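What TrEMBL says about this one:
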| type | residues | note |
| --- | --- | --- |
| DOMAIN | 23-288 | domain 'NADH:quinone oxidoreductase/Mrp antiporter transmembrane' |
| DOMAIN | 290-343 | domain 'NADH dehydrogenase subunit 2 C-terminal' |
| TRANSMEM | 7-23 | transmembrane segment |
| TRANSMEM | 57-76 | transmembrane segment |
| TRANSMEM | 96-115 | transmembrane segment |
| TRANSMEM | 152-171 | transmembrane segment |
| TRANSMEM | 178-196 | transmembrane segment |
| TRANSMEM | 202-219 | transmembrane segment |
| TRANSMEM | 239-258 | transmembrane segment |
| TRANSMEM | 278-298 | transmembrane segment |
Amino acid sequence: MSPHTKLISYLSLLLGTTITISSNHWMMAWTGLEINTLAIVPLISKSHHPRAIEATIKYFLVQATASTLMLFSSMTNAWFTGQWDITQLTHPTSCLLLTTAIAMKLGLVPFHFWFPEVLQGSPMTTALLLSTIMKFPPITILFMTSHTLNPPLLTTMAIASAALGGWMGLNQTQIRKILAFSSISHLGWMTIIILYNPKLTLVTFYLYSLMTTAVFLTLNTTKTLKLTTMMTSWTKTPMLNATLMLTLLSLAGLPPLTGFLPKWLIIQELTKQEMTTMATVIAMLSLLGLFFYLRLAYYSTITLPPSPTNHMKQWYTHKPANPQVAILTSLSTTLLPLSPMILATT
């Protein structure tokens, strides 16, 4: 891919995201989402590998279907109410269609099938964009329409996402698929609280994006794509692997790391809303995710590389330290003392 094409794609991503998150009209929000979809397609398929082409087609078909449902939902609402404002979604059929469309855009269960496959077929940097920036516009639309959406449907999707994201990540050996199921699990946490405290959903998404960015950039620096290469990466960059372990444990939600904060706030809010059973269920489901995060941390720092002579180590040239990774890792592990300030904003 030429530098000019890459620059145009990144600028289009920025433009599409900005249009969607700043618009109040359905047509403008839909336009921003379409710009985003068209901008990310060249980035997924830039390697021209058959798996990348397959991932591109899957992504495009799912996103086109979701955009069609979203447009149909807004048109149905405008037909019955005369309102094109995003916050004025009141027709029941429109609410159901929009919930389905946003679930497809985000990769919530049962519309999650495309996300692990697309991430596996994408380069590491594109997988980072798909896991963070590409989810920001749908999360924003979900935030603006949270008061009109279907509570039982959203709650069911949230619990199913937390369960399936943790369960399906257990036996994976590919790093990108593990992070894809991690994303699905975290989306379950964000969705379950949006009905009661939408601001907390945004805080959770920001912290999740911060931690995921740190993990992806670290893995991209060490060129780690699967568990077998993770076992030997500590010999190349021991300090980076030590910090990767902390970031993974933060992503798992262990105290006193940053990732504990959103889960603590969500369980606290659910308890305030007298949803104790739901809080207990989703806290128990987080143990599934904790298992594969611990497995990743174990592979990255504790396991010794295999000793047989037929094992070939990857060629590695020393690279200068990346300050971005250091800053993001620090933020991903040490933000818990700022919890009183974050509590004040929610």
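Heads up, the Cβ atoms here are built off N, Cα and C, so glycines get one too.
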What residues in the same chain, six or more past the boundaries of the transmembrane segment (96-115), come closer than 8 Å to it by Cβ-Cβ distance?
33, 58-59, 62-63, 65-67, 69-70, 72-74, 76, 89, 130, 135, 137-139, 141-142, 145, 149-150, 153-154, 157-158, 160-161, 163-165, 180, 183-184, 187-188, 191
Quick one: find which recorded stretch in 7-23, 152-171, 178-196, 202-219 has the most Cβ pairs under 8 Å with the transmembrane segment (278-298).
152-171
What average pLDDT is reported by the model for the domain 'NADH dehydrogenase subunit 2 C-terminal' (290-343)?
69
